[in-house]
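**Q** Just dropping this structure here.
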Amino acid sequence: MIPHLPSDASCGEKGDRPDQNMSGAKETSCASISQASCSDEDINDLERAPTQRSTGHTTGDKSAHAAHTSLDLRRTASRAQTILERVFTTRSVVDPPPPPDGGLQAWLQVVCGWLVLFTTWGWVNSYGTFQTYYTDTLAQPASTISWIGTIQTWLTFIVGIFSGRALDAGFLRPVVVAGAVIQVLGIFMMSLSTTYWQLMLTQGVMTGLGGGLFFTPSLGLIATYFDGRRAFATGLATTGNAIGGAIYPLIVKELLPKLGFAWTARALGFLNLGLLAIVIALMKPRLPPRTSGPMLDLASFKDIPYTLYVACLFFSMGPIYFTFYYLASFGEQSLHLSYSTSTILIILLNATGTPARILPAFFADKLGQLNLLVPTLLALNIAAWSWLAVSSIPGLYAFTVVYGLLNGTYQSLMPSTVAKLTPRLDMVGTRLGMAFGVLSFARSRGHRLEARSRARWVGGMGA
């Protein structure tokens, strides 16, 4: 007969029962289970051990040992599960407070975002330097070579559909690590490439896929830490885009004549490896995982403001990256600039966008993101078409500065506006990724127009 345990006593307490040996055994066994409750089945298993030992049966010792082993395994499995959840799902508090809108941890995420934008869109926006070099060295027309940059941009955008949802689901760290590995590996493999298709697979596919995996969730993460200063924080992070777009061409310009293409690419790979290691170490999600909900939240398109905003971006996106791809080639082939001088155009284009990403973002938090973004987007498209009128070197430099300022403002305000139109912070990654996915098709559509237009413009200007 098994004695009854009082309901108001823990399983480790001593009861006022005559069978002190049995009670002591239960106390010792249950107390050894840290932070675990003792079920009736566990208690029965443990109580059988002293009873059977008292009758001299050796099978009782085996049962007691098996019971202890089973409970130890449960404890170990529970602890292992907790560790795995902390490492791979980056779980945070269950009920997070409102965005802190500042503080050390919040600004560290801005630093991470800056490094991510440096290594993704800074890398993408510097493609014009490679476009000019490939046009001079590969036996392919410029319109064909530009597909490398187009595929890179398209993947960086469209992969955000999945990586943005991964942020909301709590899988930020594994996605960022995977993206960093793929991108850096792609750059190192690019250093070994000698043909068009090898460059397409390495620089186009691998670096685009890797960048897409960590770009969208890193940008969405900033929005979860800020509210009143969200546009400003995002604007600061996007300066990494502009500075990276100036640094990469500068490195290529200086190293390519001295080290050659292979070691220049490896130097860029080591640079990205170091910067992304810092990102992985400092990045920290704030919200608990949202495990429910589809990968594509099509219900978001029932939100009229969000849908109209994405549609507006889609129809105006085509010519925006035209300049980053063809500006250097235009200067070299139409205005007969040297490769070194034409590379300076890409550096200037990106560098002038740095102040434009900070000041407008600061005022956007006070005046409203859309109130500044709409006129900026209109002016940017007008500036893009004004390239048709450029026929001199001073005019080309003036166009570069104006376009760099307007494009910097646009790229600063665009993601923070998506967050502003998202009612729930745990859906920012999903909505941002969906918007980028739509924009990826606008970018590929724009490439076909750009390739044909460039052939006519360059041919006409060079005549």
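Each Cβ is built from the backbone N, Cα and C atoms, and glycine gets one as well.
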**Q** Can you check which of 144-163, 424-443 TrEMBL lists as transmembrane segment?
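**A** Here TrEMBL associates transmembrane segment with the stretch 144-163.
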**Q** Between the stretches 106-124, 205-226, 263-283, 372-405, which one has more Cβ pairs under 8 Å with the transmembrane segment (175-199) than any other?
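**A** Selected stretch: 205-226, with the most Cβ pairs under 8 Å.
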**Q** Could you tell me whether the transmembrane segment (304-327) and the transmembrane segment (263-283) are in contact, taking contact to mean 3+ Cβ pairs under 8 Å with a sequence separation of 6 or more?
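**A** Touching, no - the transmembrane segment (263-283) and the transmembrane segment (304-327) miss the threshold of 3 or more Cβ pairs under 8 Å.
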**Q** For the transmembrane segment (233-251), name the stretch out of 106-124, 144-163, 205-226, 304-327, 339-360 with the most CB-CB pairs under 8 Å.
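**A** Top-ranked stretch among 106-124, 144-163, 205-226, 304-327, 339-360: 106-124.
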**Q** Are there residues at least 6 beyond the ends of the transmembrane segment (205-226) whose Cβ is under 8 Å from a Cβ of it, and what are they?
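**A** Same-chain contacts beyond the flanks: 99-102, 105-106, 109-110, 112-113, 116-117, 119-121, 123-124, 151-160, 163-164, 166-167, 172, 175-176, 178-187, 189-190, 232-234, 237, 276, 279, 283, 285-287, 415-416, 419, 422, 425-426, 428-429, 432-433, 436.
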**Q** How about long-range neighbours of the transmembrane segment (144-163): same chain, 6 or more residues beyond its ends, C-beta under 8 Å?
**A** 120-121, 124, 127-128, 130-131, 134-135, 138, 175, 179, 196, 199-200, 203-205, 207-209, 211-217, 295-296, 321, 325-326, 429, 432-434, 436-437, 439-441, 443-444, 447, 450-451
